[in-house]
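Some features that TrEMBL has for this protein:
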DOMAIN    251-358  domain 'SRCR'
DISULFID  C329-C339  disulfide bond
DOMAIN    364-451  domain 'Ig-like'
TRANSMEM  469-490  transmembrane segment
COMPBIAS  501-514  compositional bias 'Low complexity'
REGION    501-526  region 'Disordered'
Amino acid sequence: MILHNIGVYCDHSFFIALTVMCWIMCVRETLSQAYAPAPTFKYESSENNIKLNTIVSVVCKTPWSAPYPVTVSVGRLDSPSQTPETTEAWVTSEVLRRADTQYFTIPATAKFEGKIVCWYKSTRTELNNPYSELSNPINFVVSALSPPKVTLHPNLFLKGENYTVQCESVYSLVTNFTLSLYYRILPATLGTNWTSAGSLFLTNHTTIVLRQTNAVVPLEFACTMEMLYNGKLLHSSQSNIEQAFPEELPVRLWEQERGESCLGYLDVTLKGKWQPVCQKEVDAEADSSAAAATAEVVCRELGCGQVLNWERILDNKRYFPQTVGGIRCSGKEKKIKDCPLETIEDCKQRSMLYIICSDTLPRPKLSVATYGHVSQLYVTDKQDVTLICSFSSTSLKSVDYGYLQFIKDGTYLSKSYNIPGNSVSITRDALKTSGQYECTYSLQTSKIPLTSPRSNSVIIYLYEPTNPVPIVAGVFTTVVGVAILAYICVFRTATEEVQTNEFPETNTENPENNSSDLPQQLEAKV
């Protein structure tokens, strides 16, 4: 009985084991024929503004449960019953060995428009169905045009000259479209409307042109494009804005620390804004000559005198947007606008022209204490003498400083720290001998350290006075001698008069008259 029960139990266990084994095999067979989980599919950016002939990026992400290693593909979904096996793959990735995100690029043309999907395929050989399900579809439709481009020729022109504006399609192979050009007067404020300059339907060309003559008013231009494409009317967004300024090109010399003055970096007004001038290297000798002549014209135009010095300085702190690529004067021009100018462009070398004009460093003034502005002075070696050197410049500011230096007969005597507007003096301790004295000012706060012309000259003569005793004795002797001489002369004259009266001549012819003359002479004597 027991053996019988044991046999029944064994038969039952065998049946259960067989059933489980069959179920596992069925499940495995079913799983081997099913599709793997679908990947997720999306645009890398917005799908609402797909421009014709651009490259669009899409993203397919495989799940962690995929039967790796796998490859990922992208194609178009043409019918709801379509399967991965029957879908044409436009592009396929490299083999992936774990969950990852794959990026694909698709050209935005009519050939690729429609619903597109992605899927993956396992490279494992034991699977009966290596494919995944198709991903969610995304709609790939060309919906816009890339904006055309506006250009100005020349991009730098003077007031009263001519220029042309071009609106050009970015599609070289596309035909049958319309370009529209618009303008508005500058300065334009927010909300200022555009005025149509005209539209043209093009079949064999890609550009429209507007010619402007005797330009006086500043304008800005933009354009748009539209065309019928694959049954849709496509529009572009507005192009770039190009400003047409009839330039007068005023200039300035400017630095952050002192603002506008007669020294600094050369700036020019372009399109209503101050911009640094990019002085590019062309030819060493020719470029130096042009830079020197340009500096001379700038100083003349600004009324800052003559050019003292200039240098081409590299400055990476200042931004060079669209600016003049170089000014090449001959030196005879009255203003910068009369010089040959290169076109407006981005400056890559960032080299600027730094100029110092003569009004920045006028001649210092040298004077003598108590005597004022004299050119010559005679003093004794015991006499106190103080020379005063003063320097002042309207171009220099409170941030500027330098050194006042005294010079004697061409040799530097001393220097003193000085802020423009103050004076420095030197006393007789340094003035031990005769000589010609001058002073100069050396500016330290400009990008180019520079010394002013020399001041006016003061010639000092030192002499030793003679002994006063011999001089007094000589004067005394001279006075005594003069007195004695005067006395002798006066005494002698009086004596001669008396002797003549004591012995008058007798008038023998008229005796009566003789008696009357004598008392008169005696009375005269008394």
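Cβ atoms here come from the backbone N, Cα and C positions, even for glycine.
Within the same chain, residues at least six positions away from C329 (disulfide bond) with a Cβ under 8 Å of its Cβ are A290, A293, T294, E296, V297, I336, D338, C339, P340. When pLDDT is averaged over the domain 'SRCR' (251-358), the result is 85.
All protein chains included, C339 (disulfide bond) registers 21 other Cβ atoms within 10 Å of its own Cβ. Look at the domain 'SRCR' (251-358): DSSP puts its residues at 23 helix, 43 strand, 42 coil.
Residue counts for the domain 'Ig-like' (364-451) under DSSP, helix first, then strand, then coil, are 3 helix, 44 strand, 41 coil.
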